[in-house]
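Here's the structure we're looking at; comments come further down.
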Amino acid sequence: MAFTPAKETYSGKVYSVAIGTGEGTGTVGGENVLPFHSFEGAAPNRPVIAFEIQDVPPADWPESVKKPFEAVSDDPVKWARFCQDELKAKAIALRLVGTHPDRENRSAEDAAKTVKDVLAAVNVPLIILGSNHAEKDAPVLVAASEAAKDKNCVIGKAQEANYKTIAAAAMANNHKIIAMSELDINLSKQLNILITQMGFEKERLITDPMCSALGYGLEYTYSVMERIRLAALTQNDATMQPPMLGDIGMYVWKVKETQAPEADLPHWGSLEERGIAWEAVTATALLVAGAELLIMRHPKAVEEVQKTIEELI
Amino acid sequence: MALTGVEIFKLLPKTNCKKCGHPTCLAFAMKLAQRQATLDSCPDVSEEAKKVLGEASAPPVRPMTFGAGDKAVKMGEETVLFRHDKKFVNPCAFAVEIKDTLSEADIAAIAEEVVKSEIDRVGQKLRIDAIALTNASGDAGKLEAAAKTVAAKAAGVPVIINTQNTQAAEAAVKVFSDKRPLIYGATAANFEAMANIAKANKAILGVGASGLDELSTLTDKIKGLGVEDMVIDSGARKAKEIIENNTLIRRAAIKKNFKPLGFPIINFIQREDSLHEALLGVIAITKYASIVVLSSIEKWKNLALFTLRQNIYTDPQVPMQVEQKVYPIGEPKPESPLFITTNFSLTYFIVSGEIENSKVASRLAVMDCEGLSVLTAWAAGKFTASKIAQFITESGVEKDIATKELIIPGYVAILSGSIEDKLPGWKITVGPREANAIPAFLRSRG
């Protein structure tokens, strides 16, 4: 019996968002099909993976992901250069985790200086993240936005509690922003609407529906992402058309499977490979669900996901 | 395309006789449309209606059982393209390839590894489900000998006999008579002979083709020869082709009810690089494979793939639950803190993970709230002062601890007074609202 493939055409399209400046500029999104469905439409840009670095040494990262950076992670500038020059990073995500009141409680001025120094050292696009403390992130990300003026960075994360301050600063200094809500398509849509109502262009947004690690709620992130993407494409819902972010590393490298030694749990196998697989599997699943921008930690996991992306194109 | 309730209703007797157990024929029709009832409950249905409904109600992806006994694997029966629409039904099976060119000892070793691969996660037993025995030697005798080793060392594990040589297939399939093996399989060149072998030995027939058009033609011809249970391979090996072909197959089956592709999919993803193989596994698991053939089964890889399969095949409408009990975290001493939370698996994982991160040995009392998270369970009246008091009393945790102190989630701070009333002699402490504040909370207690 002859087979006629049921190809679909979609009415909507994901916004194409450029990040960074000059030669290092990258673009995410732009497709008018479901992830990797190039057989029925156009997907002009590959997903981009950003290496995560921090403003303070990664004392809380498990050993196996700390090790590849041990020579550079005492200094965010060295760390950024290492990712760009040695690991060929397409983007870098600087997490200002040291500003968290329960951590080093670094000031907004300190954070701004780190941002300036890192920007001076690399030319790949920079994602600048707060410490996920809604209150403290507001002044920190305002200072960071100003320090990075006109560098077309991605600033995040704007949440319901602090989006006004962060979006205003990103707008004034020509940046993109990440809008994060907690695992709910309606909350995600609502936040995008609130931000655009301030006059922030929707083509400058990146949606973070909140990541979860393999085995720890991945199915929720997976399905929220699929639903957002379907709304963007099949219903042409403009509020759901920004590219999506998967903030993989920080969720993966705190779960038991990336930390428990093989000696304690022999049936879980090698810790080193298990941790890398955990990050790479989480990342690949979210790419299939619709993420266009990933933030990851382990060089080997990034390399393998990159290889898989090439095979998917 | 499946029929709607109203379309089904038109074919029913419309007598509202209630013999089917439903109040009206329309109610019964609605249940049929949702596949929550079967037509044989209606004693008066006409032969014509049976025929029309039977065809329309046949699942778009044919159900079948691979293997026999307690390790048999159910496949097919899928009804949707996206898991948020409705649960993906039958989790894909993982099979490891064993080549008949290996020594008997090596074959036995892998077979034993398969038997020992089972682990428990959130109350589910997860394992490498099957063995794909490949006729790499091209020799029928070698395949048969390898089959005997597998049958002895991995008794009961479903087997894929991977050969296009009809003679070899026939020799090996006899080793698994009555065990419902899968012969992979049939191609345009050998399908008539393979169909006969599958039929004679009650085996499932794997059908391989290059592309979906050739595949549809082939399954149609094989069906004409009387073989109903098939598993299909479009020839896709690269990630891009796997997504494309698996998606087009599932779409054709579900949206067009296109029978020639309404079969479970088998994907061969063997790679030299085991981690890369795992990532191809991600694509096969998320994108509709029913059988995924791997080249190796390292424990770390199994754990990641098992977990992903479990995540993807979870019912999006029914929360995952963990067993109600007091879980030790680390090695708690009598003076270690005691937390309480609900049995939504995610809540449990996150709370226990954060307690572990804090490196303070503790006890975590997990209370059965039908899998709801803390706030939802509280709002639904399942996480109340009296139920918490009853659970803590009945758990007997009191005799293991030095101070009768219970740390409750910050979101239910409002309950602290009433729990104290119902648990005389206990001190109730309000913990953080979010689990990520637990390490700081424990540090501040010193």
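We count from 1, first residue shown onward.
Even glycines carry a Cβ here, placed using N, Cα and C.
The [4Fe-4S] cluster binding site feature in TrEMBL is assigned to B:C17, B:C20, B:C25, B:C42. Counting only same-chain residues six or more apart in sequence, the Cβ atoms lying under 8 angstroms from the Cβ of B:C42 ([4Fe-4S] cluster binding site) belong to B:L12, B:P13, B:K19, B:C20, B:F28.
Sequence-distant contacts of B:V374 (5-methoxybenzimidazolylcob(I)amide binding site), defined as residues of its own chain at least six apart whose C-beta falls under 8 angstroms from its C-beta, comprise B:T341, B:T342, B:T347, B:F383, B:P409, B:Y411, B:V412. If you look up TrEMBL, you'll see B:T341, B:T347, B:G371, B:L372, B:S373, B:V374, B:A435 marked as 5-methoxybenzimidazolylcob(I)amide binding site.
Annotation comment: TrEMBL describes B:1-59 as domain '4Fe-4S'. Under DSSP, the residues of the domain '4Fe-4S' (B:1-59) split into helix, strand and coil as follows: 30 helix, 0 strand, 29 coil.
When secondary structure is read from DSSP and collapsed to three states, B:T347 (5-methoxybenzimidazolylcob(I)amide binding site) falls in the helix class. For the binding-site residues B:G371, B:L372, B:S373, B:A435, a Cα to Cα distance of within 10 angstroms from B:C25 ([4Fe-4S] cluster binding site) holds for none. Of all Cα pairs drawn from B:T341, B:T347, B:G371, B:L372, B:S373, B:V374, B:A435, which the record names as binding 5-methoxybenzimidazolylcob(I)amide, the longest spans 17 Å. There are 13 other CB atoms within 10 A of the CB of B:C17 ([4Fe-4S] cluster binding site), with all protein chains counted. Spacing of B:A435 (5-methoxybenzimidazolylcob(I)amide binding site) relative to B:C17 ([4Fe-4S] cluster binding site) is 55 Å (Cα to Cα, whole number). Listed in chain order, the residues near the [4Fe-4S] cluster site other than B:C17, B:C20, B:C25, B:C42 are B:L12, B:P13, B:T15, B:N16, B:K18, B:K19, B:H22, B:F28, B:S41, B:P43, B:D44, B:V45, each with its Cβ within 8 Å of the site Cβ centroid. Counting only the Cα atoms, the space from B:G371 (5-methoxybenzimidazolylcob(I)amide binding site) to B:C17 ([4Fe-4S] cluster binding site) is about 39 angstrom. Here the domain '4Fe-4S' (B:1-59) has a mean pLDDT of 83 out of 100.
Cβ neighbours of B:S373 (5-methoxybenzimidazolylcob(I)amide binding site) (same chain, under 8 Å, six or more residues apart in sequence): B:P319, B:T342, B:F344, B:L346, B:T347. The Cβ of B:L372 (5-methoxybenzimidazolylcob(I)amide binding site) lies under 8 Å from the Cβ of B:P319, B:T342, B:F344, B:A380, B:K382, B:F383, each of these being in the same chain and 6 or more residues away along the sequence.
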